Amino acid sequence: MSSRNSDKNEQGQGDVFLDDSDIIHEVTMDDDDLPDAEDSESGSDRENSDEDDSMHIFTGHNGEVYAVACSPTDPALVATGSGDDRGFLWKIGQGDWASELLGHKDSVSSLAFSTDGQLLASGGFDGLVQIWDASSGNLKCQLDGPVQGIEWVRWHPRGHLVLAGSEDSSVWMWNADKVANLNVFSGHSASVTCGNFTPDGKTICTGSDDATLRVWNPRSGEIVHVVRGHPYHTEGLTCLALSSDSSLAITGSKDNSVHIVNITSGKVCFFVSPNSLMLFFLLFFNSFGVLAMRFSLV
C-alpha cells in the first residue's frame, strides 16, 4: 500500500507560515556569553584531555566510524557502522567483536535498535536499509526503495516498523517483519537530514536541508503541517528531538538557531539564536523537561 504524496498536500491548511506574533519567547546569546576556545584548551584542561579513561576500546573498523547505537535491553551491547562499509555488534569489556555485519556496498551511515532490542536496522550510503537479528548478528532482510544514501533510521516505539530518511528527499516506512513497504512520504525538496516517530507513535516529524520541518500522518502519508519561513530556520535542519508527551519538536539548524515547535498547531513557541555557532546535536531529557544542546564554534 505504498503511496507518494502529491504537491496538493502542501497547499492546504497544513502549511504554516509564521510571523512575529507566533513567538512566545526569544533568547539571543551575545559573544561575551560564549566559551572561549583558547581558554578551554589551557592549563589542566589540556592535560586532562590527554588522559585515556575509557572502559573499552573497539578497533575492528579500518575506516571512519559514522554511527553508534546502544541496545535498549542489553547495556553492554553496542553496534557501530563505518566508512569501511561494515557494521559490527560488540559487547563492552568482552573481547573484540561478537558479529560482523556485512552486506552494505557503501559506508554504513546510521544504526538503530528496535525498542524491544530484538532487531538492529542499518542504513547505508548505498540507499539500503538492512535488518539484523541483534542476538545472532544474522541478516534478516533488506529494505530498498531510496535511490540515494540513507541519512538516518528509526523504529516505531511499539512495533517493528522502521523509518528512514534519504538524500533523495524522500522518507520511507517499512514493516520489517513482513519485509513490506508501507508508505513513502514525499514533499521535501532536499536531503531529509533528521526525523522520527513521536513517542506515542501517532505522528512522524522530519527535518530537511530545505529548511522545513514537516509533520506527517504515518497511516495516510499526508502532510499535517509544514513549518517554514520567518521566524523559523533559514538554512537546513541538522537535528531533531521530540518531547516525551509527543507535543513538542525541537530542531537545530545550520543557521545557528534552535527552535521549539508545537506539533499539534505547527507554531514556533520558543527559539534560541546563538551567535557564530552551528548546532549539531539535540537531546531532550524527557523526565525533567530539560533541553541539552551541543554547539560547535565556527
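Glycine is treated like the rest: Cβ placed from N, Cα and C.
Nobody curates TrEMBL annotations by hand; they come from automatic prediction.
TrEMBL annotations:
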type	residues	note
COMPBIAS	1-10	compositional bias 'Basic and acidic residues'
COMPBIAS	29-53	compositional bias 'Acidic residues'
REGION	1-57	region 'Disordered'
REPEAT	58-100	repeat 'WD'
REPEAT	101-142	repeat 'WD'
REPEAT	143-184	repeat 'WD'
REPEAT	185-226	repeat 'WD'
TRANSMEM	277-297	transmembrane segment
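Counting residues 6+ beyond its ends, the repeat 'WD' (185-226) has Cβ neighbours under 8 Å at 3-5, 7, 9-10, 14-16, 148, 151-152, 154-159, 161, 163, 165-173, 232-240, 242-246, 249, 251, 253, 255, 261, 263, 265-266, 286 in the same chain.
Looking at the repeat 'WD' (58-100) alone, the prediction's average pLDDT is 91.
Broken down by DSSP into helix, strand and coil, the repeat 'WD' (58-100) contains 0 helix, 19 strand, 24 coil.
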